[in-house]
């Protein structure tokens, strides 16, 4: 009898929870329509995978790419709508969040064509790969709109778990297993530290979890200058630091870049930076509004260490992927300048603009590695010598992306850095901008060294790897070239017409 009553209560409670969830989705579903498109794409992928054979593999790419493009389209149609808070205050929709969601979707859309040849050469399970990519994208999108501490923790964990699985996707590769282990351990440690900071923030604000309510709670409890807030700031900075991977929280980055499959590295190198930057802007700018001087100082230290260590260590690298890992550490130092400046002096606008250019420059560079690596079996920088003689398009496209990463005029990277540094200078960050300028010059050296190898070879000799280099089959080659063309155009032409891009970025402030 008791069991029967308990069973009835369980059914009633489950029914109430389901009806509440259905009610929320019915009346608030339009606020997450782009995310719903991705969820539908995930379900469709699972259904087709369970009922199809290997001949339907092209459909998997088509469904994934189409769902991403449709999600981007839904975001564009929602542009300039009034900011809204939905799902009982857990999710916020505004232009500032949507621009980060757009960047994450753009990264994923460009990464899928890059992965076609690699998946076919290594015979990776295509469905699981695409499912993890779409789920990670979904987690990043929810993170951009997260408005409370619980969602801010769950969304990046969704992204991180998929990242761990993707980095260890080639289970037979010892380096991939090692990279996954380091990534998982450090990611778990950073998440626990982040939650520790959230607990201090929650307690100091009187039990509030929504970001704006936390600010009001700190005012009511007079705890905004308490030691607890300092502990929360330090813990959250460390937690976000592992996501952004600035120095000294960069230890996992080179190993994960070197050991993970190249398309996975290309995906993580941009999406993780965009998602973590969106998290940093919301966390530091709202709950820690009264501690702006403290978190400015912390981020300045991280930016200086990242720009110096990242660019100096990149010079000594012999692996192309490890070099790009340290290059990304230096690049995140430039992005942090925009976070410090904030919405005053167009800091966020310059950060968003530079991040858009960084996506195209970085993915364009990784397109070369995805093309060259599986066909030659090497990742050594010296083995790229003389690539221009066998594949001029790939070599020239890579050279343009590398020059743009270094900030050579008139490419997009130059104007992106120029505007970012100018905003930092106007905000009084003279020392930080000076370090950025000097380290940018250092980065040009190792980028030009690679370009010289690509064009002329080492001692004007072509390596055996390049000599045996063969172009890939038509379909996979076209998919990589498509992404490469988009990345090259985005790395060059937008630099000439910066004003419209800056204006759009300025229109996103919350």
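Note that Cβ sites are derived from N, Cα and C of the backbone, with glycine treated the same way.
It should be emphasised that the depicted structure is a prediction, and the values quoted were computed from it without experimental measurement.
Looking at 263-283, 347-367, the stretch flagged in Swiss-Prot as transmembrane segment turns out to be 347-367. Residue ranges 323-343, 449-469 are listed, and Swiss-Prot annotates 323-343 among them as transmembrane segment.
The transmembrane segment (347-367) makes no contact with the transmembrane segment (124-144), as judged by fewer than three Cβ pairs under 8 Å among residues 6 or more apart in sequence. Two recorded stretches are said to be in contact when at least 3 C-beta pairs lie under 8 angstroms, sequence spacing 6 or more; the transmembrane segment (295-315) and the transmembrane segment (418-438) meet this definition.
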